[in-house]
């Protein structure tokens, strides 16, 4: 059974647009789980553009919500994650001017730092994932760093599919990375830019155990509601 994680960052984006308390990410997080999602993903960015520290505290504190907290390599953010003890953390690259995460981590450049961070989370029994581009070298490095999981960046294949361009090579990259990850004992997740069609295509890769989807689900739910949107994704991923 493949799992579905729902990123609710843009619930916070809507709230922050009016500087108010509504919609409340914590309330939506609980609703997402009731609607059938396995987990909730939130990204505490350094600039706090959507999710705030108080959101992290409330969501991580709830035992009814399996929380995947996305964080950068920033010490302040790492300390907040350690204090609040989510079920998972996913280390992602972060640039202040980007609209959304633009690519995977540079594991070679940040190897020593990432390994020490993973060690901190492992000691607290917090599972650690690395957000990486689909290449075999990074899968091998993730194993060296003692990461529990990797989340493969699916932005490129998503764009190719949406533009009706050939995506065969990118699909094979993701498939080979997924196979190697499982062979090395690493759990493989996928996320970024996913919609119904792209998720349907990638769900054929049996080694991928989890899809993390945010923007499309939040947007689609404005028309069809969270329950129906989440149900459709669960049906797609487990055909």
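Placed from the backbone N, Cα and C atoms, the Cβ positions cover glycine too.
Within its own chain, residue 43 (active site, proton acceptor) has 7, 9, 50, 51, 69, 70, 71, 92 as residues 6 or more apart in sequence whose C-beta sits under 8 angstroms from its own. Summarising the annotation, Swiss-Prot assigns active site, proton acceptor to 43 (among others) and lists sequence analysis as the type of evidence.
Following the DSSP three-state reduction, the secondary structure of residue 70 (active site, proton acceptor) is strand. Annotated active site, proton acceptor per Swiss-Prot: 70 (among others), in sequence order.
The feature active site, proton donor is assigned by Swiss-Prot to 192. Residue 192 (active site, proton donor) carries neither a helix nor a strand DSSP state and counts as coil.
Here Swiss-Prot flags 7, 18, 193, 214, 215 as 3-amino-2-oxopropyl phosphate binding site. Secondary structure at residue 214 (3-amino-2-oxopropyl phosphate binding site), taken from DSSP and collapsed to helix, strand or coil, is coil. Long-range Cβ neighbours of residue 214 (3-amino-2-oxopropyl phosphate binding site) (same chain, at least 6 residues apart, Cβ-Cβ under 8 Å): 6, 7, 8, 9, 10, 41.
The 1-deoxy-D-xylulose 5-phosphate binding site annotation in Swiss-Prot covers 9, 10, 45, 50, 100. Residue 45 (1-deoxy-D-xylulose 5-phosphate binding site) counts 19 other C-beta atoms within 10 Å of its own C-beta, drawing on all protein chains shown.
Around the Cβ of residue 151 (site 'Transition state stabilizer'), the same chain contributes 90, 129, 130, 131, 132, 189, 190, 191, 212, each under 8 angstroms and 6 or more positions distant in sequence. Residues or ranges marked as site 'Transition state stabilizer' by Swiss-Prot on the basis of sequence analysis: 151.
Most Cβ neighbours within 10 Å among the binding-site residues 10, 18, 50, 215: this distinction goes to 50.
Comparing the recorded positions 9, 70 by how many other C-beta atoms lie within 10 angstroms of each C-beta, the top residue is 70. Taking the C-alpha positions, the distance from residue 45 (1-deoxy-D-xylulose 5-phosphate binding site) to residue 193 (3-amino-2-oxopropyl phosphate binding site) comes to 19 Å. Cα separation, residue 192 (active site, proton donor) to residue 18 (3-amino-2-oxopropyl phosphate binding site), rounded: 26 Å. According to DSSP, residue 18 (3-amino-2-oxopropyl phosphate binding site) is assigned to coil rather than to any helix or strand.
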